[in-house]
Amino acid sequence: MAVVRYGNAAAAAAQCIWPYRWSAVCSSWWPYILVLCTLTLPLRVVARSSDAFGGYPTVFSIDEEDGMLETIELISKYGYRGQTYTVTTADGYKLGVHRITRKQGPDPDRLPVLLVHGLLGSSADWLVIGPEDALAYQLAKAGYDVWLINTRGNRYSRQHVQLSPSDAAFWNFTWHEKGIYDLPAVIDYMLNDTKHPAGQIYYIGYSEGTTAYFVMTSSRPAYNRKIRLAHALAPSVLLDSVRSPVLNSLVDNAQVIMPLAFTTNLVELLRWSEQQSGMLQTMCPPETKRNPCVVLFDNLFGPNPESLDTNAIQSLVGHCPSGAAVKEVYHYHQVIQNGIFRPYQESAVDRIVVPYNLSASDVPVHIYYGMNDWIIHPKNVRKFTAALPNIRELRAVGGKKFTHLDFIAAKRIRTVLYTKIMANLQTDLVELLRQLEKS
């Protein structure tokens, strides 16, 4: 199919290699050289210990173009109705929000659903494995009114009422602000637009999308009444047992890396660009089963070669990384170091910040985690969930090899997890309609 944005992979590679293009990329990436050096040894050690896998056929209904389309184009391409909104937060950030419904419109009985992506992700993460498997498509097909947020700082949410992304102040946020400002703004916008008689939504978050959720529900408990049921996938709350050699290497070298970032005024992390996207797709061709993206993801998220579809990985890297604030990463570093889920600590000499009150997060929640998730250790999940008052389900999914990335890109993710989520929502719908009839 025709590539609509920057030509084919070869052309993208040529743009990256051509001198003036390459220099432009390097000029914005040079502060990462030290970071990459800290990753070299762990990547090589783990990669050499892994046998190459090969020959697995494509299982998703996707093609090469999907990694080059914007979210709204992916929605339209596969026959769904898509809309784009701009939602302004209380602190002035303008968020790009996508909406997907079936052509005939949503079922008015069903509550709207909010899907929230992870760190460096975007709304496209819920679509990249195609119309037969991706969760956003499955929900829309079933009649749900599906809203896909883009939290502040990613490619679709780089606007502010006063600040520019070129201003350091624009990037002075962590996932705390995403929970305090971004999620409430979008939830209120959804409720005002949809006007469902229940006055509630369903929430589904992945990775940082769960971090922001637990920030909001523990710090702004009024919003607990606006969420009828939540699903937390790979909940990133406690992180002191990280197994990823990539993250552990960064943590070990944080005392060098973070001062370098601050002194060089490095405030934005991995901004999405056509050049970067094209370069990653060229570096990670699907016919190469142990391409650099696969090796990196194995070392970052955990290895599960049987679950990977390299065509899906190439589509994913066309959209991700999508940009974030460096301060978000440092906030996670604090959680890794001290084992406490709390707001950002500006400095060691400041008054110690009080942890989030997870006991206030009383929305009924289904929590799913992976046994081979090298970022979210199962024991960290079990530890933080002990403080939650209303857990509907706490379950490891996908067997012993299931990883962090598998939640959005595993070959069997629809049957392993998404059908379960759909069943949970259907069960709740029956109860909701019964309650509405009585009222």
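Every residue, even glycine, has its Cβ placed from backbone N, Cα and C.
Automatic prediction, not curation, is the source of TrEMBL annotations.
Pulled from TrEMBL, these are the features on record:
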type	residues	note
DOMAIN	72-128	domain 'Partial AB-hydrolase lipase'
ACT_SITE	Ser207	active site, nucleophile
ACT_SITE	Asp373	active site, charge relay system
ACT_SITE	His404	active site, charge relay system
Nearest-integer angstrom distance between the alpha carbons (Cα) of Asp373 (active site, charge relay system) and His404 (active site, charge relay system): 5
Spatial neighbours, same chain, of the residue listed as 'active site, nucleophile' - Cβ under 8 Å, 6+ residues apart: His117, Gly118, Leu119, Gly121, Leu233, Ala234, Ser236, Ile375, Ile376, His404, Phe407
CB contacts for His404 (active site, charge relay system) [other CB atoms within 10 A, all chains]: 25
Local Cβ density at Asp373 (active site, charge relay system) - other Cβ atoms counted within 10 Å: 28
